[in-house]
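Data block below; observations after.
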Amino acid sequence: MLEPQYKRVLLKLSGEALAGEKGFGLDPNVVTNIATQVKDIVNMGVEVAIVVGGGNYWRGRTGEGMDRTTADYMGMLATVINALALQDSLENLDVLTRVQSAIEMRQIAEPYIRRRAVRHLEKNRVVIFAAGTGNPYFSTDTTAALRAAEIEADVILLAKNVDGVYSADPSIDKTATKFNELTYIDVLKMGLKVMDSTAISLCMDNSIPIKVFGLEDPENIKKVIYGDKIGTYIYS
C-alpha cells in the first residue's frame, strides 16, 4: 500500500485551471474533478489547504485605465466566487470544508485567522483561502507562499494548465524544454514564469518546496501526493 509523501499540503489552483477549455468562468466538470481528487487525498489522511486564483473572471493587471488598487480588489472578489464554488462541490462529496476570506464577508466566509485555520486542518477539514492576502499589489501566488508558511505546509502543489516548468512557453515555442527539478535560485536567475519573484523568494526564505504539475490527468493530484515523478520539483 502506497503511503502519502506529505502530511499537510497547500494546493494552489489558478482561476484558468477552474475554467477548463472554456477559458472563462467555471467548468463544473473540472471543479467536480478537482473536488473528487481532494476528497481522495483527504481520505488518505492528508491535511489540505487551498488557495484559488481569480483569473477566470478578472486579472487586476488587465484593468487598463483603472486604478491598480481597485482592479486588484476586483480580482480578490473573483477568488471568493471560485472558493465558494469549490466549497460547494466538496461539500456535495461530503467533505467538510471552510472558506476563510482575507477580506471580511461574514455571511459567506470566515475571516482569515491562522490558528483557526490550523485547527480546521487538524480536524481533517479542507480550508480554502479566498481574497488573496487582502492587500492590493500581492498576487495569489504570494498568498499561497504566505499561507503555506503560516500553516507550516510540507509543500505547495502548484496545479497549472501545463505539465511542469518549461524554458519557454510551450504553446508558443515548440523547442521549449521541460525541467524535472530546479532550485529557487535557478527560477529567479532564469526568469521562469512559475510564480512571481515575491512568492518564490518567500518559499526560498522558508524552505517550502514547490511541485508544479498539470491537471490534464484527473489522477495527478493523487500521484503527486504518492511521490510520483511528474511535473517539476522546485527546492532550496
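In case you wondered, yes, glycine gets a Cβ from its N, Cα and C as well.
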Match it up for me: which of 2-7, 20-25, 86-91, 218-223 does Swiss-Prot list as region 'Involved in allosteric activation by GTP'?
20-25
Going by Swiss-Prot, D72, T133, G134, N135, P136, Y137, F138, S139, T140 bind UMP; tell me which of G54, G65 is listed for that site too.
G54
Let me know the largest Cα to Cα distance in Å among the UMP-binding residues G54, D72, T133, G134, N135, P136, Y137, F138, S139, T140, as an integer.
15
Within the region 'Involved in allosteric activation by GTP' (20-25), what mean pLDDT does the predicted structure show?
86
Cα-Cα distance linking N161 (ATP binding site) and N135 (UMP binding site), given in Å to the nearest integer:
26
If I take the alpha carbons of S14 (ATP binding site) and G54 (UMP binding site), what is the distance between them in whole Å?
7
